[in-house]
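Colleague: Structure below; questions to follow.
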Amino acid sequence: MCHRNVTNKSRLNRHARNDYCHSKPANLAEPGCSGRTAVNKIQRQRLAWRTGFFLLFILAPIFNLFRFDLEQNHFYFLTFPWTLGIDAFKSGDISAMEMALNMGLRFFLPLGIIISLGIWVSWKWGRLYCGWLCPHFSVVETINHFMRKASGKLSLWDRDPLPEDQADGTHVHVEKKWWWVTGLVIVGFSFVWAVVLLTYLLPPREIYYNLFHAQLTRNQALFIGVGTLLFIIEFTLARHLFCRFGCVIGLAQSLVWMGNKKALVVGFDRGRSNQCAECDASCEHACPMRLKPRSIKRKMFTCTQCMQCVEACEKVHENDPRPPLLHMLQDQCALDVSLRDFGLKPEIPTDCFPPISGGPKDSSRG
Ligand code: SF4
Ligand code: SF4
């Protein structure tokens, strides 16, 4: 385990910081003392995007922004009924030409625009949708957070718990009582997901009215009950697995991203890798997808561009004149990660990583 490689110096610094943090309750509010140190601007922006999209996920069917109505057998899009005119064609109200035009303009055109946009974003920035918008990934990160407080692990399948104190200032005191909260969060999310998914298929007004008045029909109750149960199993045991290999949207983004060697990627200043010996792999502990951010691109296939590893490394170097070792790279610089495979060591511009402005003698790039 990497976190056993912490040098005495950094361990002492960390212990000194923890002693300070716990000496007075007020100190816990200071940077470096709370459960995680204050998040950087990128993580605040990401939280705002994810929260906004999660609300949109819940509200979209309610306001007919997007849903399929099984009773009326057509979509709603931006409050308008979205029909292809099949019924009108069958009854002879529109010609075959008009029907074909409808198919082109109302089906293939919007579908083509959405797919092209998705491919373009993934080509340049990878699984940006996953890390910055996806409501499932918000659930993954929230459950990770509480599961770590309850067990020290981000997943039940992890072999070893993460360290309670990390070089990036993270302090997570593990207490069994958090299992109750973790369980409630899992059940709560599962129930919300099952109800919301039903409102994408049946009129939301009817579903919420029936739910709040305990008048759900047998099929509605069955859908919500079975859905909740399946989500409980998935969120508890297989949420990372689903993000990695079970989600078609995620998989498609990864495949497109892998095709572009110059796409945005987490880069590692390998010339200074000896400095990681002073750290406890905080970047790896920060990764919600359980990846090793210092690896080559092939091993980062499911990276969601959440940048939490970059933030962790920033915090490790908060009081260090030397810059962090992880940075987001793009274009020619990204080749350092994407082409570094099977013994290849690509030439990259000299300014891909920030200059070293100070620090101990060993701060030079090797
Ligand atoms: S490797 Fe870094 S950017 Fe990618 S998912 Fe993990 S923490 Fe996020
Ligand atoms: S890259 Fe940064 S956070 Fe990761 S082990 Fe090295 S110093 Fe620590």
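Heads up, the Cβ atoms here are built off N, Cα and C, so glycines get one too.
Residues annotated as transmembrane segment in TrEMBL: 47-68, 104-123, 178-202, 222-242. Here TrEMBL flags 112-152 as domain '4Fe-4S ferredoxin-type'.
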Colleague: What stretch in 47-68, 104-123, 178-202 has the biggest tally of Cβ pairs under 8 Å against the transmembrane segment (222-242)?
Modeller: 178-202
Colleague: Over the domain '4Fe-4S ferredoxin-type' (112-152), what is the model's average pLDDT?
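Modeller: Summing pLDDT over the domain '4Fe-4S ferredoxin-type' (112-152) and dividing by its length gives 96.
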Colleague: As a quick check of your reading of DSSP, tell me how many residues in the domain '4Fe-4S ferredoxin-type' (112-152) are helical, how many are strand and how many are coil.
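Modeller: Its residues divide into 36 helix, 0 strand, 5 coil.
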Colleague: When you scan the chain for residues with a C-beta under 8 Å from the transmembrane segment (104-123), skipping those not six or more beyond its ends, what do you find?
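Modeller: 82-84, 129, 249, 252-254, 256-257, 259-260, 263.
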